[in-house]
Amino acid sequence: MDVASRKTVIVLISALILDLLAFTCILPLFPSIIDFYAVESRKDSLYTLFDSTVRSVQNLALIPNLTRYNNVLFGGLLGSLFSALQFVSSPILGALSDVYGRKSILLISVLGTLTSYIIWSQSDTFTLFIVSRIIGGLSKASVSVSITIMADIFPAAKRGIGTALVGIAFSIGFIVGPMFGAYFSSIAPSKQGIDELFTLPAYFAISLTVVQLFLLVVLLPETLTTPKIALKDILRNVLVYLNPWSLFSFSALEESQSKEALRAIRAYGLVYFLYLFLFSGLEFTLSFFTHLRFGYDSMQQGRMYLFTGFIMILIQASATVVPCITSCVLELANESDKGVTTGIFRSLGALARALGPMVASTLFWVVGPAFCYAVGGLSLAIPLVLLRRATARAHNVRGRGFKRTTDGRPASAPPVAIAGTLPLPRGHTAVLCIKPSPPSHSHTPRLTAWEESRVITAPLKMLNSIVNFVITNLHRVPRFNFQFKHVKPAFDLTWFGDYLQSLFFLGFICLLFTSLLLLTITIEWICRCCSRKAAGRTRREVRNLSISLFLISAVCFILLGFCFFGNEHLNRGVTSAVAGIDDTIKNIKYANEQCTIFSGIRENATQHINDLISIVNTKAHEHPEVNQTDLTEAHHLLTGLSHEVDGLQTGLEKMQHVLKNIDFLEDQRNAVDYYEFERWAVCITLLIIISSVLFLGATFFCQRSWKGSVLFSAFGVVIFILSWSIFSISLPVLTALSDLCLEGDQYVSAHLSREMIETIKFYKTCNPKPSHDNLPPSIPVDQINSKLVSLQASETKLDALLGSLFNHSSEISNATAFLSFDISQSLKSVGALETTVACYAYHDDVKAMYKGICYTGITGTLIFTASLFLLGVLFFTLLLIVSRSWYLFSRQPTDYGEVDENDPFFPRNNDSTIPVDIYGTHVYNPRTRFANSLERTEPSTGTTTVTGGGANNPSTPLLDNSGGPSTPLWNHRSGSNFNAQASAPPATNSVIRSGGFEDAYGRYQEQFDV
């Protein structure tokens, strides 16, 4: 790198650091900013509109009206608004930089950012603050343009250095920037009764942006010498980055990438989006969570961001998550598409950051922080599981040869020992296979160990017997269509045919059974509500009920684990079957190419024979003195050669007829691969939802929470319906797989020729020895090879005969040389064709097709379906039993009840001022019991005689009267002696006591209830 380029890099990185410092100084201020505008005196029409809309939704959805949670929702909407605008503006400004230059677009971006900071500094209303965020989001493209400038400066081999420098600038900005914002906000002055809490951070951001603008104007040169794109092409390119469907499908790569590599890239893209969607949502709401839960001010928020910034340096230095995913994708992309792939990935990340805060803050607002973070944390398992599948796809692309090798052959094509070469179309190399080299099966999927072993262990024998028993009996189950007519269990996928109707009918029966179970639960719950048990509850009953519910939940978790295992096992089987079909299709296509090449060589040989016949006839007229007997024999040899070469066409056409019928296999491969991924992803998502609800239920059961049991009852009905609905789909799928494996020949024979079916069966049962003569009977390669050997002998004899007849004429010698070359190349082509259609090239792939569906797939589906059935039964039992907890887990008199800001006694903002000993009993202020127990040490107010007017002692029993006059308990409620000896605090809701022999302690609590 020259001096000028080094200077440009220094200026750009310095300007980027200033930009990020100004951008990140607002991050720890968001909770306080929302609180700032939530004050009644500062509310404007826009904030009032938002607030009234939110409260209307709360009243409609019966959501508690808590202002502190509403602020989280406002903050999430603001964060998503900024990211969404950045998602729209970054591709447009980046594309314009390819036309008008990097520096000019970067200056426009910085000027827009400066304008937003100036408006922020004057935003004494919520509307002005929103306007500043909108302008900032629309003009925030400095990072993407800076990365583009780095790509202009650094060559392709060293472009990673420029990206690393941008990463360093990010780390510095996110470590130092929040601390600056928090510091300036903590020392902000207060003028004219208006709390200008955020004036100094805004002025700080303005100052940094002005310095950045000066550096860019004076010191940064233009790095774009010539425009890279025409202005009219900008719209088409920008739409690729703005259309979410184009982003997720990577439509810009469809023409340059193979289908298999594109599927792997799409899988990685989905993982990348889901991870950033979940992570950005939880990360954005973290500042609000710490502000509400722990009372963090802006300075403490800045310290938190400082700590996370240092952790970010350590994690990013290890190149995890986002860098790893990006590297995996770039490894799959072609060299010319890496820039486009990186751009699409950045747009996916921006879209995730635009949606994540909005969804997370909405969840935070609706159900509170505990459920929000529990669901968000568990949901992070979804991209982890999807990443495993994406990695398997990428391994298939690299290991199974979905990319083409340097010589143009698919990497999955069988290896060949070369004895001579022949130039072929698209760089292929045909060979004469003297002794084929043993095939390398490193790319072949190894399904299970028992498939390669002659000895099957006892557990696998038992599992195999169970699978055979299940599929045999499922195949025998009577089938009926929608007209209640009996249907044969012959697999068929004709839409709305009798067989598909029978599968739908089976699913409807399962749904009907689910409805009956749900009706039973409803009746039980109604009866439980009508026969309310008001008394008679014992601790043993509560404990036994809690233990029973927890044990049932634990068993449900075990069954959910089996569901995950069965789903993964089914996916593994289908994936291996798809890979086997794909490899088989590729080998068949390669064999068809060899047939095409051989057909071309045969046509050349026919033409050369005709030319040779014409030359011999001409020479015979010119030399009538030649031996007529030898001439007649030469004519017979030429005629025989012509007939034999024409006869090769018959065997070639038969072979092409067997190998050409692969459209059906391709359609099935594409359909199964596509729908299997959708099925697997949906099942994983639904099972994670069920696991989350069940986990919360188990937690509530352990806590014996009345509210928790009622909440679980509501969500339990949802997961009950969900589990039985999945079962209603899984059982017909298992039945269809059983029919396919037992009587699928009729369905296959309707789409494949008889010769193709026989060939596939041969490959399934043949011995995969490395021999070129182990060929299916329907492919007549041996006959073609024998004819070519006979042709070669006849051509040698003809060459000698014509040489003696015409005294080795040069014209005849050249013609016979051409014919000899054609026959030689035909032998080589047939040798390559023998290797291509040999048993060892297809055996493992065809076996994977059968075993993937009919063993691994059925086993996984059986485990999944059986686990779902047992899980549904346990959910039914759980929902019947949980209704008992509505009264056994009833609310205690001292249970904590959440109140909002309108508490007439002690509003939330006065929590810190409530004394610990409000009545001298240490137990009647649960809202400050925990927080003040660590900080507050006020002495007792002395309003009770429990401690004798002395200092509070946590170990003093509530009814300990050792410090006062000794009075019998039966006298505490009678006469003036009671009033003289004990001065109880006034009760706001106490009732008039009547004389009589009532329980002395039964209503002792209620006189202190506030």
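For all residues, glycine too, the Cβ spot is worked out from N, Cα and C.
As annotated by TrEMBL, domain 'Major facilitator superfamily (MFS) profile' applies to 8-571. For 9-30, 72-93, 105-120, 126-149, 161-180, 200-222, 272-292, 363-387, 503-526, 679-702, 709-727, 858-882 (among others), the entry in TrEMBL reads transmembrane segment. The region 'Disordered' annotation in TrEMBL covers 935-991. The compositional bias 'Polar residues' annotation in TrEMBL covers 952-991.
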Is the transmembrane segment (679-702) packed against any residues at least 6 beyond its ends, judged by a Cβ distance under 8 Å, and which are they?
371, 374-375, 378-379, 381-382, 385-386, 389, 546, 549-550, 553-554, 556-557, 560, 563-564, 567, 570-571, 708-709, 711-712, 715-716, 718-719, 722-723, 726, 864, 878, 885
Would you mind giving the whole-number mean pLDDT across the domain 'Major facilitator superfamily (MFS) profile' (8-571)?
73
Are there at least 3 C-beta pairs under 8 angstroms linking the transmembrane segment (105-120) and the transmembrane segment (200-222), leaving out pairs fewer than 6 apart in sequence?
yes
Do we see three or more Cβ pairs under 8 Å linking the transmembrane segment (9-30) and the transmembrane segment (858-882), pairs being at least 6 apart in sequence?
no
Closest-packing stretch to the transmembrane segment (272-292), where packing means Cβ pairs under 8 Å, from 72-93, 105-120, 161-180, 503-526, 858-882:
72-93
Stretch of maximal Cβ-Cβ contact with the transmembrane segment (72-93) [cut-off: under 8 Å; candidates 105-120, 126-149, 161-180, 858-882]:
126-149
